[in-house]
Structure formats: structure tokens, C-alpha cells
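Structure, as C-alpha cells:
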Amino acid sequence: MAAAVELTGDGGTTAETRWLSPPLTHDDNRGFLQMLREKKERLGVGAAKVEVRLEKLTVEADVRVGRRAVPTLLNCAINAAQELAACAHMCTTRKKPMKIINEATGTIRPSRMTLLLGAPGSGKTTLLKALAGKLDSSLKMKGKVTYNGEEVNSSTPQYLHAYVSQYDLHHAEMTVRETIDFSSKMLGTNNEFEMLGEAIRRKKGVINRVDQELDSFIKATTFGEGSNLTTNYIIKILGLSECADTLVGDEMRRGISGGQKKRATIGEMLVGLARCFFMDDISTGLDSSTTFEIMKFLQQMAHLMDLTMVISLLQPPPETLELFDDIILLCEGQIVYHGPRENATDFFETMGFKCPSRKNVADFLQEVTSKMDQKQYWIGNANKYQYHSIEKFAESFRTSYLPRLVENDHFESTNAGKSKEVKTSTSRMISSWNIFKACFSREVLLLKRNSPVHIFKTIQITVLALVISTLFLRTNMRHDTVLDANKYMGALFMAVVIVNFNGMTEIAMTIKRLPIFYKQREILALPGWALLSSVFLLSLPISFVETGLWTGLTYYVIGYAPSFVRFIQHFVVLFAMHQMSMSLYRFLAAIGRTQVMANMLGTAALIAIYILGGFVISKDNLQPWLRWGYWTSPFTYAQNAVALNEFLDDRWATEFHFANANTVGETILKVRGLLTEWHWYWICVSILFGFSLVFNILSIFALQYMRSPHKHQVNINATKVKVDYNSQIVGNGTASTDQVILPFQPLSLVFDHINYFVDMPKEMTKYGVTDKKLQLLQDVSGAFRPGVLTALMGITGAGKTTLLDVLAGRKTGGYIEGTVKIAGYPKKQETFSRISGYCEQSDIHSPNLTVYESLQFSAWLRLPSNVKSHQRNMFIDEVMDLVELTGLKNAMVGLAGATGLSAEQRKRLTIAVELVASPSIIFMDEPTTGLDARAAAIVMRTVRKTVDTGRTVVCTIHQPSIEIFESFDELLLMKRGGQLIYSGSLGPLSSNMIKYFEAIPGVPRIKEGQNPAAWMLDISSRTAEYEIGVDYAEIYQRSSLYWENRQLIDDLGKPEPNTEDLHFPPKYWQDFRAQCMACLWKQNCAYWKNSEHNVVRFINTFAVSIMFGIVFWKIGSTIKDEQDVFNILGVVYGSALFLGFMNCSILQPVVGMERVVLYREKAAGMYSTMAYAIAQVAVELPYMFVQVFIFSAIVYPMIGFQMTATKFFWFALYMVLSFLYYTLYGMMTVALTPNIEIAAGLSFLIFIFWNVFSGFIIGRQMIPVWWRWVYWANPAAWTVYGLMFSQLGDRTELIQVPGQPEQTVKEFLEGYLGLQDRYFNLVTSLHVAIIALFTFLFFLSIKHLKFQRR
């Protein structure tokens, strides 16, 4: 459907209707849907209503509980061993079954809107996914879900049901309109519209003007012009018109707000107009008025289009609750109530629990089953009260009249309902061609929007081409001897290597988009082949440009065979290699699925195809039983093809007899173990294209069938599995008898005439805006006092968070005017961070710590040094009890939205992290967002108790219930544009605030029982202000309230007599040594539990070590000719470069993730960044030493180096130094760059330089003088030098060199490779120097560079 200023499709059809003209009101929408319904009835068109039934639905998961669930390295090893033993039927896995949904039975009727209520962790998401047929395959499901009697399964038509996730995953590069439009194309046209369209085609004559408008709309929607029309309608009803053409954005791109992203997530599925909708916590991030608007539109659609809707909301306000027809109350997986909304309170009243008159019914329903809250609603004799368990409620419901009431009142009789079977409509099925077109057009769009990435790659390959072409410049390139051919061989190999490396960027690009693909695969049925084929087709011109650029810049400059045919054939090989490379790394990303795993697989694959490709060690020197590996490496075919193309040219036909060859060209091919016949060129090229085809096919299967690696999961306690009701009483907020009282100083905060500006966005100039600055806060003044809880409220865009950031000193940009005083003295940020806490909305924590460890770390560094450790631990326990985290003490924090704590648990942890610092002033940004009513009440009780201790607390809050709103003492209300419109006390039952606004002429009076917060936000909206014809900011500045506040500001802005300004002698509570110890303790805890990172690198090190040992088996024991030296040089080269680079690449995501936490902790004044940096470096050392031990212990004896203590020591030492500088280099690049993608790109670019100038591809003696300085600036070259000379520098065996007399190994090293004894000590010293330099740069950049923008 469509509704906008103009409902215009791609084909130019326009349907401007009087009932869809902007703005789209509820009456407009109802009128449109009503006329559409009447039209269907006249034409006899209509889709079957869908009744959804649950029949004893049980969903179970096998989980590990207790400490064994914590993913430490030891637990991972034990768990893996148990899994293997269980597979061999030697033991059980010791997992425990946990029921997520327990025998849920019920009927969800069509043409009605059902509200699903329940606390986070109650099983709401699992139930909704079960209803939508989207359950994860790892879960065990019993019972069944049916649509009109037919069981839901994978063959159920996609258009029948839609699941809206609670997580907002979108392409940052697409606009809101493009995002919803793509979903529309993938979901297809609504079946009813198809039938209507067919009826209209057959209809003769025109009934009236309204029919004409409906007909034109339906035709446009049905016959290929309707995607924009459908999209526009959804955009309109969701209130997204203002941002429809704005990029969604992410942490790197400015985009829409969190609330707008949530609405885009809803629109993404709503646009398909399925028959059943299952929506999961869709009000998170939305204010109450926006939530009401959206729910009202959804109600009209459910009633007038006969849809079946089940929607879960966290904190539905009363006016929103009244829009629902039915309620399902889910507690710990059991349905406690399912029936009409109006009967819900009656049911609980029959059990002795009554909802108070001013209590939100939704809040009552969620609290009445809680052991902590239940007693307050008991209406019987207080002495006879006993806790009613969830099982008792559920059993009472099952035996009540309500289930039978629902059964008797469903939409049709059972027989009639079953006759309307749900059948797949072939006309609704989207053709493969249309799916491909939609995907391809989106990929073209993303390619354009990501053009900076491809421009960067083009610049990168241009720079590398210029380097390589000047390194192998034709004026220095001869073609008379085998040594000359060796130099050309190095240039050819380098071309293959760089083209292959260029394809590695596919890993990061693919990993970045996989979470969105998994979501769209699940909810849009996006097939893997559609995405992969689109990406593949668009990769062809990319390969053409990049390999064409490389070939054009290097071929004739280096001086390869001058024939144009040879030039084209050289290009074809590199093009095929580039395609193979992109396909390979795309495939590895698809099976790795996480950045760490994909980087590991990519590096392992690179090492394997590199080592087995025939250049590092020739085919003839491989063990006979390993030569099959040579033919499995794509490098083999690329290297053979480019070598054949070059060395079979006539200019290499100089007569030369060696190794059964007659020319120089044939000799180099024979010596290198390469093919010598021309027909192999085309075979090799064909095989490269074959590799590409195979990897693309495998990628399709991986995308289609592999599960998402981060399915949302929460921590499971053993108590939950046993359903221990006593666990619910933990954390009831009551003070313990041995309460620890930590001293703090009550402080007031005054801010006067605060103005905040940012530079005007460039996009605004397009609309004629000439101002250079955009003002976000306008002359805001106020005061926050000890013992007073203040609410900072306003509609979206009013500047609430901006004001908090300015007052807390968290803004990193913009221009601030005005004064801020603490206890009458000007605010100093250094001291303010010591006495304040800031609970950010984003809940940023280290994912690999437990809850208790997170609190220990915060308290360790933020409490005064004179607080003893036992006092600190007791205080932490009290805070955990206060915010109900005691039961989650040993739970992993995890990644937000993926693993670990749920959203509300993370929110409580955020508050606890600040409370353990015992601050005097606390700022809280949206502390109840994402929480259900009960969790929000717990949080606000915690806040209230904090205020009652004499602290100053300010909260921004979105959509508070009556109870939560009236727990505040004072209110600061702002309107859009950053202007203050009310500042003062709320009064009993919000009477002061209500009295103030009702005194303004034109303001509608509050309705009886209406939430004062919702009423206040409604009347203060821009639309309401315009309709009334007032400016609230002007009215406030003329009011007596304003002058009362001015007097308060003046009074609090003066210091109290006999007081001094805050002063803390040291900059931090703890000294530098304690900071280092605390940071190292935290990093050690996090690393020990980061099993993915550490297990991956240990396994990879072991696998690579075994591969090196097998491939280079005993090559160091005997040296007979030049090729034997090159083979040893190959293993040294591989040891010096690849494992170190693997460490660098898999470390970067870990450091990048912790850097975000660093910004929060640094802003809180917890520690010096130097302490953080030292801990980050130090924690890597033991894990790195283990890697070096594994590698050295395996590789050294297997490759046959001389077994002397001295030589083994030098080998191990250089490996330690190599690992160390690679590790530090990875950290340094993260600290120097704003994100991991740029850090990875920079690392790759530098790694190529290190690779080229390492002394393997071209020896130091052969490097042109203008590039020789790079060799001496290259740490990888030093490692190759040190390893090679320490092992072979004293070898005196005579070896054969083609075209030269016999010479000793030492003479060959000095003459050809430039390895001399006099430089050995220098090389060792340079290792220490580069490690010190990288460490210094890491410390410096982490201290002074901050890429967070607020």
C-alpha cells in the first residue's frame, strides 16, 4: 500500500487521494483501509484469515551450567574433550536440559492484536520464533504450532508470516527508503492485491472517483510499479518521512537515530503485508507517543485487513495497552494468562491480587508473579498471604474458564476454519530472476556507496605497482643467465602474490555484511546464491580494473617479453588469479563467520597455498608423498602460467645446457620444477577459473546452510534450571545488617546559559542554509541538588543526551558556551570525573569478563586507595544485591545482542559499575530503555535509594510509567531545538507540573487516569505547539517559575562559607603501580576467557608448524646446490613473515573492541592510558611465548637444522622477537586508525613492503640502490637475515650454482644474498630498537589519539 505526499511509482503512476493526503492521521488510514476492505468485499476477493494455535508447545535447550559454562581456555579444552568422547559414546556431555517454553497451549485469533508480556529471559523471543517457524535448529521442540490446522514448517509460504527481530541490523550505506524497498521486492506483492488487480482487469466501467484512485493504486502495487508505493505507505505510518532518504548509518557514518532504526526494522517486515506478524520488543528506543502512533496504525491494519498480530512490548503505557485485544503473559516459559485484555485483572483478582487505581495494568501483570513485588497487590488478610508460584498461576489459568472462552470465540467454527487451508500461492512466489534483480541492484548501490574502499584499493595497487616496477626496473634487468632469470622469476612471483593479497580484503568486507545477510536469510528468505552471484558479477569489473592497472603499470616498465600477445596473456593469468583469490577469501569468510576465525582461516590458507605453490620450495624438493599438495595450490597454476608466458619467449632462447635443458628459459623452468610445454598455459588458466567456480559454489552452500555464529544467548544459572524461587528474592534492595558506608561529599551542580553549537552539516547547504554553525542547546540553565532526583525529559531531538554530555564533559567536539559550577566553584574536569558517574545508554563493557570482575575492576580504580580490599568487596556485594545482580555474579558479560547478558542485565551492570565508585553526582542516560516494567522498577528503586543517601542524580528518561515518573522529585523538560520549557518540582501526583501547563491557554486538560508523562510529551510536541499557537520556551522565560529557578541558580552558584574547592592531590585514586596491576589483572581475566582468540591462534600455530615440518622435512640436514639454499631460505622466510602476520591480524579485532571500553573508562578517570597500554602489551607475552615454544619445538627438529643449543637459542630468540614486533605492530595500527578496517588495510600495505624487501624474493645485493634503504628499515628482513645467518653462516659445504664454479654455502650467502657476519649483531640490535619504537608509538597514539566523536 502507499501513502505519501505523492504516491508515485517508478512508472509515474500517481494516486493522490483526499484520505491519504499528508499528514496521514489515524482517521485517514482507517478510511483508506475501510474503503479497501469494502472494495474487496464487492469484488469477492479476500485472503484467508489465519488462526494460530499452540498445542502443548515445549522448547528445550541443552546447556552447561555453573562455572563450566564460563569459556576459559581450560573449560574449552575439557568441554571439547567431553564432546569428542560423547561422539564416541564413551561418556555424556554433562549438559543439562532447560525448558525455555513449557507446554504452551492457546489460540491466537485473526483480526485481533495480541500483546505478549514477560520479563527478559521469560521465553518471549523463543515463543515468537516458534510461532513464526523460525526456531534455531539446535533447540528441541515438542508439540506443534498450526495455521488453520496446518503445522508450520519450512515449507510454509514465506508471505504468510513475518518475524520482526528486536535487533536492528541494516546496511549503513542504504537509506531508510532503500532498505524498506529492498524488503518489499524480496517479500513480493500482497496476494490480495494480486487478486484485486486481476478482478479490476476484468471489471468493466468505472464506479466512482474513489474507485478510480483505489484501482490506480492497486494496479501500481500489483503490476510492477508498486514497490515505491508500498514503501511510501509504510514509511508514512511509521513516521519515517523526515528521514526516508537519510542513510541508516553506523558508528562510522552519520545516520538516523536509534528509534528511527527500530521503526525501519518494523517497516522492513511490515512492507510485505503478511497474514501473521510476530514482533519482538519493537518499542525499544521509542518514546511513548511514537509507540502509541505506531500501535494505533497496526491495530487498524489488524482489524480491517484481518491480520493476526502478536507483539511484545517492554513498557507499554496505558493508552497503548488499550489498543490491544488480547494479552499473553509469559513467565519462565509458562503461559500464566492468555485472553481478552479487559479480563486480565479480573483473573488475578480471583486469586487475591488487585491492580491499584493509578497502577499501569501492564506493570501490574509483570510484577504480580514476582516474589519481590507480589505481596503489595494482595487484597486478602496480610497474615494469610503466601507466595503464589508461577506454576500455581499457570495451573489456575489452565483450569479457569478463560481458555474455553477463547476456544468458543475464535473466528469461525473449527470445521470452517480447517476448510480454509493455507496453501502456497505460486503467484506470490518471487521468481528467481526477480530475486536476482533485487540483489544485483542493491549490490550496485552498495558498490557506489562504498566507492572510497575501492578507490583506496586502486591507490594501494597503484603504489605497489610503482614500487615493484622500480624495484625490478628494466634498466637493471638482463636476460642472459639463469641468475637473471631468477630475478625475473621473483618479479613474476611478486605479481602473483600481490594480486592474491589484494583479494584478501574480501574477508573483512564479507564478514561485515554477514550478520545482515543471516537476518535477511531468515526473515526475507534471501538465498545465498542471489547474494553470491551478484557479488561475483560485480567483482569481474573490479578484477579487470585492478589487474589491468597492475599489468599496465608494471609489464613494460619491468621489461617482460615485449609482445602484445604476451602482455594480454600475462593479464589473463593475473585476472584469473585475482578472481580465484576473491572467491577463496569470500568462501573462508563465509565458513569462518567471525573476524577472528576468518582471519585465522585466511592466513592458514595463504600459508598453505604459498608454501606449496612451488616458489618457496620447488616441487622437486618436496617429499614424494607430499607432491600431491603442490597440485592443489592455486599458486602452482598461476606461477606456471606466468613463467611459461615469459620464459618460452624467443629472447630467453639463448643456448644453455643444464638439467636436461637447452636454453636459459627452459633451464630456469626445470630448476624451479615448473612445467615446460606451452599447452600447459591454457590448462593452468582454466584450472584457476575452475578454482574460482568451485569456491563460489562452496560459498553459496556456506551462506545458505551455515548458522549464524552469534545467535543471541543469555547466561544460564543452575538455579534457573531447577526453577528455584528463592533466587527471586536475591537483591530485594534491603540493606544488609553489616552495611558498608563509604564516605562521599554531597554536591550540587549548577549550569547557567549553556549553549552548544556544532559545525553545520554540509548536507544542509543543499537546502539553502547559510549559517556556519548549528545550535543544539539554547540558553539552558538549571540546578541539580543532593537528595533530589531529577528527570531530564523531552521528545526525540530535544537535546537531552547532548545536555548530559556537555555537563559531564563527555563532548569531544563542538563549541560550548556558559558556566558550570560544582558546590559553587567552577567545574574542573580533572576533579569532576573523580566525584561523578555517567551511565551511558550504550552499555559498554569488556565482553570477556564476568559481572563480578567488571565491578571489582571499577571499584579497585575508582574508590580511594585507603579503602581496604575486604571493605571494597563487601561494598560490591551490597551494590550487586541492590541492583539484583547477585545471581549473575559469575555470568559472562558477553557481546551486546549476541552472547552473555540480556539487555536489561547489561543495563543494571552499567548502573552497578558507576555505583561501586560511590560518586556524589550521577548522570544516567535512559537507564530504563530496553527494560521491561519490572526491571525498570528495580532500576528506579535502585536510583531512588541512591538519591536518598544524599547523592545528586539526573536521569534522562523516555517513556516512564506513572509510578516511575512520579518517583522523581523534579523535572527539566526540553523541546526540540534544545530549549528549556519547564524546570521545577513535580509535586504530589505530578500536580505542580500539570497545574503549570494547564494554566497555558489552549492546552488540553489531562484525562483522568492518564499518564502525566505521556500527556506532557504530547502537549509539548512541535505539532501540538503549532496547533495551540504558543512558544513554550517564551512562556517559561516569562513565568514566575523561571525567576524562582534563577534565584536558586544564584544561591547555589555561590560557595558555602568555610568551604574550599574540590582538590585531589594525585590525578587518579590509585597510584601508577596499582593502575598497572589492576589493568593487567583485568586483561588477564579477559584473555583467559577469550577462548575464540587464543584457541584459534594456538591451533593455527600448531597446524602451521606441522605443515612447515612436513613440507620442509630435513631440508636443513644436507645442502648440495643453490636450490637447497633457496629452500632453506623459503622456510626461514615463511617463519619470519606468516605466523607473525597471522598474530597481527587476529589481534586487531580484540584490541579494537577493548579500545571502545577504554574510552569510557578513561572518561571516568579510572586510570592513565599508559597503565592500560602496558597491561595490553604485557598480557600478550605469555601467550606469545607458548606460540614460539610450539613452533620452535616442532619446526626446528623436523626441518633438520643442526641440533646445538646455540643454534636453537638463536632460532627461538629471533622467533620471539619476530612475534613481538608483529604483535606490537598490530596494536599500534589499531591505536593509529579510527577502525579495524583501516587498521587491517594499513597492516596489509606495510606487510606487502615487508614481504617484497625481506631478502627472499630479491636478494639485498640485487635491490637497486634507491630501494636498498627499505631493506634496512624492514624488520622482516632482519629476521630472515638473523635466522638464515645463525643457521647457515658457518656452513662450509660446497654447492653447485648454474653457470658459476662451486662455492661454499657461506660464500653463496655473502655473494648472492648479502648475508655477512659483520651485520649479525646489528640485526639483533635493530630488532630490539623496532620493538621499542612500536611500543612507544602504541603508547603515544593510545594516549593522544581519540576517534570517538560525541
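Backbone N, Cα and C define each Cβ position, glycine as well.
According to Swiss-Prot, the region 'Disordered' annotation covers 1-23.
Sequence annotations record features per position, and here Swiss-Prot assigns domain 'ABC transporter 1' to 85-357.
If you look up Swiss-Prot, you'll see G118, A119, P120, G121, S122, G123, K124, T125 marked as ATP 1 binding site. Note: G123 (ATP 1 binding site) has non-local neighbours V59, I100, I101, L330, E332, G333, i.e. same-chain residues 6+ apart with C-beta under 8 A of its own C-beta.
Per Swiss-Prot, domain 'ABC transmembrane type-2 1' is recorded for 434-647, and the stated evidence type is a curator's inference.
Positions annotated as transmembrane segment by Swiss-Prot, on the basis of sequence analysis: 453-473 (among others).
The transmembrane segment annotation in Swiss-Prot covers 491-511 (among others). Residues of the same chain lying 6 or more positions beyond the ends of the transmembrane segment (491-511) and with a Cβ under 8 Å from any Cβ of it are 453, 457, 460-461, 464, 468, 471-472, 477, 546-547, 550, 554, 558, 574, 577-578, 580-582, 584-586, 588-590, 592-595, 598-599, 602, 606, 609-610, 615, 635, 638-639, 642-643, 646, 1236-1237, 1240-1241, 1244, 1247-1248, 1251-1252, 1257-1258.
If you look up Swiss-Prot, you'll see 523-543 (among others) marked as transmembrane segment.
According to Swiss-Prot, the feature transmembrane segment maps to 557-577 (among others), an assignment based on sequence analysis.
The feature transmembrane segment is assigned by Swiss-Prot to 683-703 (among others), with sequence analysis given as support.
Under the heading domain 'ABC transporter 2', Swiss-Prot lists 749-1001.
Annotation comment: Swiss-Prot describes G794, I795, T796, G797, A798, G799, K800, T801 as ATP 2 binding site, evidence class sequence analysis. For T796 (ATP 2 binding site), the same-chain residues lying six or more positions away in sequence with a CB closer than 8 A to its CB are S257, G259, D287, T290, R976. According to its DSSP assignment, T796 (ATP 2 binding site) is coil.
What Swiss-Prot records for 1074-1288 is domain 'ABC transmembrane type-2 2', and it gives a curator's inference as the kind of evidence.
The transmembrane segment annotation in Swiss-Prot covers 1099-1119 (among others).
Swiss-Prot lists 1126-1146 (among others) with the feature transmembrane segment, giving sequence analysis as the kind of evidence.
If you look up Swiss-Prot, you'll see 1181-1201 (among others) marked as transmembrane segment. Long-range neighbours of the transmembrane segment (1181-1201) within the same chain, counting only residues 6 or more positions beyond its ends whose Cβ lies under 8 Å from a Cβ of the stretch, are 1087, 1094, 1097-1098, 1101-1102, 1104-1106, 1108-1110, 1112-1118, 1128, 1131, 1135, 1139, 1143, 1207-1208, 1211-1212, 1215-1216, 1219-1220, 1223, 1287.
Within its own chain, the transmembrane segment (1208-1228) has Cβ neighbours under 8 Å at 1135-1136, 1139-1141, 1143-1145, 1147-1148, 1151, 1176-1177, 1180, 1184-1185, 1187-1188, 1191-1192, 1196, 1201, 1239, 1243, 1246, 1275-1276, 1279, 1282-1283, 1286-1287, 1327-1328, 1330-1331, 1334-1335, 1337-1338, 1341, counting only residues six or more beyond its boundaries. Look at Swiss-Prot and you will find 1208-1228 (among others) tagged as transmembrane segment.
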Intrachain residues whose Cβ lies under 8 Å of the transmembrane segment (1238-1258), provided they are six or more past its termini: 456, 460, 463-464, 467-468, 471-472, 487, 490-491, 493-494, 497-498, 501, 504-505, 508, 1129-1130, 1132-1133, 1136-1137, 1141, 1144-1145, 1148, 1152, 1225-1226, 1229-1230, 1232, 1267, 1270-1271, 1274-1277, 1280-1281, 1313-1314
Sparsest Cβ surroundings (other CB atoms within 10 Å) among the binding-site residues P120, G797: G797
Folded-back contacts onto the transmembrane segment (1269-1289), same chain, C-beta under 8 angstroms, at least six residues removed: 1116, 1119, 1125, 1128-1129, 1132-1133, 1135-1137, 1140, 1201-1202, 1207, 1210-1211, 1214, 1217-1218, 1221, 1249-1251, 1253-1256, 1260, 1263, 1305-1306, 1309, 1313, 1315, 1317, 1319-1320, 1323-1324, 1326-1327, 1330
Secondary structure at T801 (ATP 2 binding site), reduced by DSSP to three states: helix
Intrachain neighbours beyond the transmembrane segment (453-473), with Cβ under 8 angstroms and 6 or more residues off its ends: 447, 487-488, 490-491, 494-495, 498, 502, 505, 509, 542, 545-546, 549-550, 553-554, 557-559, 1237, 1241, 1245, 1248-1249, 1252, 1258, 1263-1264, 1266-1267
Which of S122, T125, T801, all binding-site residues, has a Cβ with the fewest other Cβ atoms inside 10 Å: T801
Outside the transmembrane segment (557-577), six or more residues from its ends: residues with CB under 8 Å to it: 468-470, 472-474, 477, 488, 491, 495-496, 499-500, 543-544, 547-548, 550-551, 634, 638, 641-642, 645-646, 649, 651, 681, 684-685, 688-689, 692
A119 (ATP 1 binding site) - helix vs strand vs coil (DSSP): coil
For K800 (ATP 2 binding site), nearby residues of its own chain (Cβ under 8 Å, 6 or more apart in sequence): L792, M793, G794, D925, T956, M974
Candidate with sparsest Cβ neighbourhood (10 Å radius) among G794, G799, the listed binding-site residues: G799
Overall pLDDT of the domain 'ABC transporter 1' (85-357), taken as the mean: 79
Extra residues within 8 Å (Cβ to Cβ centroid of G794, I795, T796, G797, A798, G799, K800, T801), ATP 2: T802, M974, R976
Cβ neighbours within the same chain of A798 (ATP 2 binding site) - under 8 Å, at least six residues apart: M974, K975, R976, G977, G978
Beyond the flanks of the transmembrane segment (1099-1119) by 6 or more, those residues with Cβ under 8 Å of it: 600, 603-604, 607-608, 611-612, 617, 621-623, 626, 629, 1125, 1127-1128, 1130-1131, 1134-1135, 1138-1139, 1142, 1187, 1190-1191, 1194-1195, 1198-1202, 1287-1288, 1291, 1293, 1295, 1305
